[in-house]
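Novice: Dropping a structure here in structure tokens format, bear with me for questions.
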Amino acid sequence: MASAPEVESVKTPDPASTKTQHTSIAEIHTADQTWNNESNTRLPPNHRHHLRDTRYDPWTHNGSPPAEISKIPPRAKVLILGAGYGGLLFAVRLLEAGFQPSDILLVDAAHGFGGTWYWNRYPGLMCDIESYIYMPLLEETGYIPSAKYVPGEELRSHAERIAQHWGLGTRTGFGVRVEELRWDEKGIRWDVRGGRTQDPTMRWTCTADFVIIATGTLNRPRVPDLAGLDMFTGHVFHTARWDYNYTGGAPGTPALPRLDGKRVAVIGTGSTAIQIIPQLAKSAEQLFVFQRTPASVGLQRNRPTDREWWEKTIQNAAPGWQRRRAENFNAWISTPHEVLGIEEDLISDGWTSAPSFAAAIGGPLNLAPDFLHRATEVDAARRRIVHQVIETTVKDRRTAEALLNHAHGWCKRPCFHEGYFETYNLANTLLVDARDHQLHLTHDGVQVGDTVYPVDLIVLATGYELGSLCPATRAQVRIVGVGGQQMEEKWARPATLHGIMTRGFPNLFFPGTSQAGVTANQSYMFDRAAEHVAYILHALCLRRGTETRLRLQPTVEAEEQWATRSVDQARAFAATRACAVGSYTIAARYESADGAALARHLPWGEGMASYVRVLEQWREAGTMEGLEIVSE
């Protein structure tokens with residue numbers, strides 16, 4: 001077994017600095033202050049150091065070579081950016097609406113289907129949303145997930161299954177990074193420019209009548225500006241580009257044989273870190289975990305899918321079971337249980353047991369006068385349970401106290417795992433509490449204060465660049481609309497129709513979070529947006545004939561009315577104003593914005609169910625209210 005970690009010098013922490021903070025309602029202001037203090041010590045976000053150009057695809061050797069870029073069609077009726085779950089859902093809903101495969105073209109910078117599940121293949125990877133509601137189109141494909149929470153390889157394989165089921169393989173261009181979308185007013189189309197992901201000198205152009213941006217948000221690995229990073233002589237990589245050539249092993253296999261005798265550092269303790277840390281501890285000689293703000297980690301209680309239960313409960317259910325189950329989940333995470341008024345909790349996991357997360361995603365009671373008090377009370381109870389698990393699991397008292405998370409549950413996405421806290425009982429694993437120090441790299445290690453921790457490998461579990469919510473920024477695409485206006489200019493004061501269209505950028509759809517409903521299950525969000533866009537394009541294109549050229553965009557009045565309606569719900573997210581900069585909450589990312597500007601970037605405050613009802617009512621009316629439609 002590996003030996004206990006060794007360091008060059010040891011600085012004994014002040015016991016007073018690690019004193020446990022309790023989180024009862026009476027002392028919640030203390031927890032707020034603790035979180036505010038922690039926020040000031042987070043990793044500096046700017047001056048990106050690209051260890052390896054993120055265009056590099058380490059998985060190309062695992063699949064068939066991408067088609068020659070010249071063979072990717074230069075013309076599409078509907079161009080979809082992204083071939084992950086989001087892009088696939090848009091393609092499938094369009095096909096169901098009556099479009100032909102030849103009408104659709106998907107392009108992706110990756111060399112295979114899966115989106116974030118293509119790029120992320122680190123050891124221990126799995127979804128943290130129940131697979132029965134997260135893996136899309138289970139009902140249509142007939143696939144039965146292997147477990148309540150499935151590993152990453154199964155998630156990626158399911159994306160390939162969807163593509164094969166609907167014949168999308170021949171309608172997808174892989175290894176293509178779109179760089180610019182430019183509206184051609186005369187041609188009533190989008191001119192698309194890009195190039196090979198790994199060789200931008202190989203150019204690709206395309207024209208499309210309609211463009212859908214379905215790239216998601218987890219597509220830009222965040223590499224912090226660590227002092228001394230350039231002088232470190234060991235190996236470094238980001239979890240989104242796991243280097244199995246260095247660690248040994250392969251995706252889907254837990255063993256990392258080449259780490260035998262290696263000293264490994266993990267920087268970051270978010271949702272990715274809590275999955276890789278137990279795996280690294282099994283293989284590394286020594287493991288150092290550098291933590292600034294502890295994660296809130298609840299028990300996941302994963303289990304294999306019971307086939308008898310599946311046949312009885314799922315296969316015999318009426319059509320639409322997956323959507324109903326997903327909406328049950330949405331309700332339970334956004335509404336206090338005592339006022340829910342719906343059937344049983346079908347998911348029954350860590351997410352649905354603590355609905356205080358509604359403070360981050362919106363909900364039907366968020367605008368009630370007592371919401372903040374109610375959410376704080378529920379969240380304090382959740383936090384006490386997590387603290388009790390830590391205190392009864394982790395043997396070393398200082399380590400246990402350092403692992404106590406004092407933040408509100410809505411400030412960072414909660415984590416769920418089995419075995420994370422137990423890892424800190426292993427002799428070869430050391431938690432380094434770095435909340436009071438900036439990290440510095442030396443030529444052979446990581447320095448915190450006066451202590452240097454010698455390491456051979458640094459794994460950056462530092463997440464993704466969230467930054468602006470602008471569709472162009474999220475997709476890393478320059479979008480130029482009518483009259484040369486750039487999307488970033490429009491997004492300084494965004495106005496949309498339904499959160500997916502904006503005036504000045506005709507025939508462009510961009511599902512996101514601003515002025516739209518959100519939930520923890522992103523697959524559900526994509527599916528509702530895909531359903532809505534498919535309805536619009538079916539009604540306007542197929543009913544008028546495929547040869548009709550259309551120019552559609554919101555009217556000025558309609559998008560301002562929608563923006564105002566969304567802004568009126570902004571106080572639903574008042575609780576997130578206290579969250580630290582660097583968390584994923586929108587208010588934190590727009591800390592310098594005034595209230596009116598910030599409110600336009602926020603989601604639909606009344607929650608996902610309210611948002612979906614509004615879209616359904618709009619479609620039922622059948623009038624295309626708010627759309628300016630010009631046909632030739």
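Any Cβ shown, glycine's included, is placed from N, Cα and C.
Quick paste from Swiss-Prot:
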- Thr116, Trp117, Tyr118, Trp119, Asp128, Ile129, Tyr134: FAD binding site (BINDING)
- Met126, Cys127, Asp128, Thr269, Gly270, Ser271, Thr272, Ala273, Ile274, Gln275, Arg292, Thr293: NADP(+) binding site (BINDING)
- 15-24: compositional bias 'Polar residues' (COMPBIAS)
- 31-43: compositional bias 'Polar residues' (COMPBIAS)
- 1-50: region 'Disordered' (REGION)
- Arg413: site 'Transition state stabilizer' (SITE)
Novice: Within the chain of Trp117 (FAD binding site), which residues six or more apart in sequence place their C-beta under 8 angstroms from its C-beta?
Specialist: Gly84, Tyr85, Gly152, Leu155, Arg156, Ala159
Novice: Counting all other Cβ atoms within 10 Å across every protein chain shown, which of the recorded positions Arg292, Arg413 scores highest?
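Specialist: Top count of Cβ atoms within 10 Å goes to Arg292.
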Novice: What number of additional C-beta atoms lies within 10 angstroms of the C-beta atom of Met126 (NADP(+) binding site)?
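Specialist: Its Cβ has 18 other Cβ atoms within 10 Å.
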Novice: Excluding near sequence neighbours, so keeping only residues 6 or more apart in the same chain, what lies with its CB under 8 A of Thr272 (NADP(+) binding site)?
Specialist: Asn120, Tyr122, Thr239, Ala461, Gly463
Novice: Spatially, which candidate from the binding-site residues Tyr118, Ile129, Gly270 is nearest to Arg413 (site 'Transition state stabilizer'), comparing Cα atoms?
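Specialist: So, spelling it out, the nearest of the binding-site residues is Gly270.
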Novice: For each of Ile129, Ile274, count the other CB atoms within 10 A of its CB; which of these binding-site residues has the top count?
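Specialist: The most densely surrounded of these binding-site residues is Ile274.
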Novice: Could you tell me the maximum Cα-Cα distance in Å between the residues recorded as binding NADP(+), namely Met126, Cys127, Asp128, Thr269, Gly270, Ser271, Thr272, Ala273, Ile274, Gln275, Arg292, Thr293, rounded to a whole number?
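Specialist: Output for NADP(+) binders Met126, Cys127, Asp128, Thr269, Gly270, Ser271, Thr272, Ala273, Ile274, Gln275, Arg292, Thr293: max Cα distance 24 Å.
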Novice: Quick one: give me the count of other CB atoms within 10 A of the CB of Gly270 (NADP(+) binding site).
Specialist: 19
Novice: Would you mind checking how many other C-beta atoms are within 10 angstroms of the C-beta on Trp119 (FAD binding site)?
Specialist: 25
Novice: At the Cα level, what's the spacing in Å between Tyr118 (FAD binding site) and Met126 (NADP(+) binding site), rounded?
Specialist: 13
Novice: In DSSP terms, helix, strand or coil for Met126 (NADP(+) binding site)?
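Specialist: Strand, per DSSP.
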Novice: Can you tell me the CA-to-CA distance separating Asp128 (FAD binding site) and Ile274 (NADP(+) binding site), as a whole number of Å?
Specialist: 11
Novice: Please report the distance from the Cα of Trp119 (FAD binding site) to the Cα of Met126 (NADP(+) binding site), rounded to the nearest angstrom.
Specialist: 13
Novice: Within 10 Å of the Cβ of Tyr118 (FAD binding site), how many other Cβ atoms are there?
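Specialist: Result for Tyr118 (FAD binding site): 24 other Cβ atoms within 10 Å.
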